[in-house]
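Colleague: Before I ask anything, let me first share the structure, which is written out below as structure tokens.
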Amino acid sequence: MTDPVTPVTFPPAFLWGAATSAYQIEGAVREDGRTPSIWDTFSHTPGKTLGGEHGDIAVDHYHRYREDVALMAELGLTAYRFSVSWSRVQPTGRGPAVQVGLDFYRRLVDELLAKGIKPAVTLYHWDLPQELEDAGGWPERDTAYRFAEYAQIVGEALGDRVENWITLNEPWCSAFLGYASGVHAPGRTDPAASLRAAHHLNLAHGLGTTALRSVMPARNSVAISLNSSVVRPLSESPADLAAVRRIDDLANGVFHGPILKGAYPATLLAATSGLTDWSYVLDGDLRAIHQPLDALGLNYYTPTLVSAAQEQPKGPRTDGHGASDHSPWPAADDVAFHQTPGDRTEMGWTIDPSGLHELIMRYTKEAPGLPLYITENGAAYDDKPDADGRVHDPERIAYLHGHLSAVRRAIADGADVRGYYLWSLLDNFEWAYGYGKRFGAVYVDYATLTRTPKSSAHWYGEAARTGTLPSPSPETT
Ligand code: IFM
């Protein structure tokens, strides 16, 4: 690792963005023909989210997008990553598009472009149309074909004005939190089905990439956002290193193997052979998945620490992925997860910017020449307005300063990182945790839906405007 870069100044073309996703912010779940997604169903099922909270209104971005874009422009952000709600565009998950649904995204993109903010579209951020789940969901092959059809529709509608495209966000969560541990929608707990889901998500990515390219100008960039884990061993013992291999395969190799190299890791196939024979990987699938990419999106929050174990330790899960009696890691009962040392965010996730540097350097080595974007990074804190209504969040500023400095160090070490999207623009619906975890740079009063930029938003805006990180303290307000 190079010495710290001071002052921390980024290349002039670096994108300074913020990210969100449809179900977490839009609300308006029953408007303009939108039908339920798996997250509407799941969040309205008693006991699935904290306090039974759901995204019916969320932060009402569907009606307040102009205000939200204006806020980004005032702060000086140069890029915005949002996702499209599939069931707003294709209410049954198949067939012709509902134009009024697409019109919302056309207006949003126009608004962004008018303010000089570069849009990046994520096609799928976990909100599968419920009808497709009823037909079997991601464990069914047909869902991948449906995704390709949907990708083509959105590509045709927005491809002339949006250059940066992301097929899937964090397919690991869709497959393993959705179908193995069940802490995410659709809440199934079937490890074999979760591996089938992972394959069909990969296939969806490959077919979706091809579909997008068939209708979009060649200049557009197609990527995927992976929440690639930085997996570290508790000790250097062979057993602990084998535990790292197992979790690395299940977290990373299961996606980047076929996507970047055209094959599932042999060690993954061997470790999971008691659960599945992978016979649903049909001839031609790996070719379809292994499409050349224009960029890779990396989402990073915290590293994972593992060791070998005879059995899982009793008590709350320590892998940071929610409370469930079912593991999100199929065929890994002999791996134990440990708390990493250090300060934590409100999610209980350890703050460790060195993990982001490590992750970037890993992909710089494994996918040489592929431009990288940090498509999510950020922290939840228990932010509250002070007596004057201002929201001071020095911990988030320190978090951002540390992680952006790690990105800058990686660039100095030869990595081609083109941009950073802070998670998240606004406080929003944090899935099974409801509204309790505030990730936003902008505070949202959930009673009035008033938006107030936190001190971190001003700090980040100054970084975006000047290309140099301001000091993390004293606070910029
Ligand atoms: O809020 C989520 C986001 O939807 C996906 N990546 C992680 C974030 C924080 O948990």
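Backbone N, Cα and C atoms are what each Cβ position is placed from, and that goes for glycine too.
Nobody curates TrEMBL annotations by hand; they come from automatic prediction.
Okay, so TrEMBL annotates it like this:
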ACT_SITE  GLU170  active site, proton donor
ACT_SITE  GLU376  active site, nucleophile
BINDING   GLN24, HIS125, ASN169, TYR301, TRP423, GLU430, TRP431  substrate binding site
Colleague: List which of the binding-site residues GLN24, HIS125, TYR301, TRP423, TRP431 have their Cα within 10 Å of the Cα of GLU170 (active site, proton donor), in sequence order.
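Modeller: Among GLN24, HIS125, TYR301, TRP423, TRP431, the ones whose Cα sits within 10 Å of that of GLU170 (active site, proton donor) are HIS125.
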Colleague: Considering all pairs of residues in GLN24, HIS125, ASN169, TYR301, TRP423, GLU430, TRP431, annotated in the record as contacting substrate, what is the maximal C-alpha distance expressed in whole angstrom?
Modeller: 18
Colleague: Measuring CB to CB from TYR301 (substrate binding site), give everything in the same chain under 8 Å that is also at least six residues away in sequence.
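Modeller: For TYR301 (substrate binding site), the qualifying residues are ASN227, MET347, TRP349, GLU376, ASN377, GLY378, ALA379.
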Colleague: Pick the one among the recorded positions GLU170, GLU376, GLU430 whose Cβ has the fewest other Cβ atoms within 10 Å in this structure.
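Modeller: Relative to the other recorded positions in GLU170, GLU376, GLU430, GLU430 has the fewest Cβ atoms within 10 Å.
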Colleague: Please list, in sequence order, the residues in the chain of TRP423 (substrate binding site) that are at least six apart in sequence and whose C-beta is under 8 Å away from its C-beta.
Modeller: ALA18, ALA19, ASN299, GLU376, ASN377, GLY378, PHE439
Colleague: Beyond GLN24, HIS125, ASN169, TYR301, TRP423, GLU430, TRP431, what residues of that chain have CB atoms within 8 A of the centre of the substrate site's CB atoms?
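Modeller: Along the chain, the qualifying residues are SER21, GLU170, GLU376, SER424, PHE439.
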Colleague: To see if you understand the setup: which same-chain residues, six or more apart in sequence, place their Cβ under 8 Å from that of HIS125 (substrate binding site)?
Modeller: SER21, ALA22, TYR23, GLN24, SER83, ASN169, GLU170
Colleague: On the three-state reduction of DSSP, what should I expect for GLU430 (substrate binding site)?
Modeller: coil
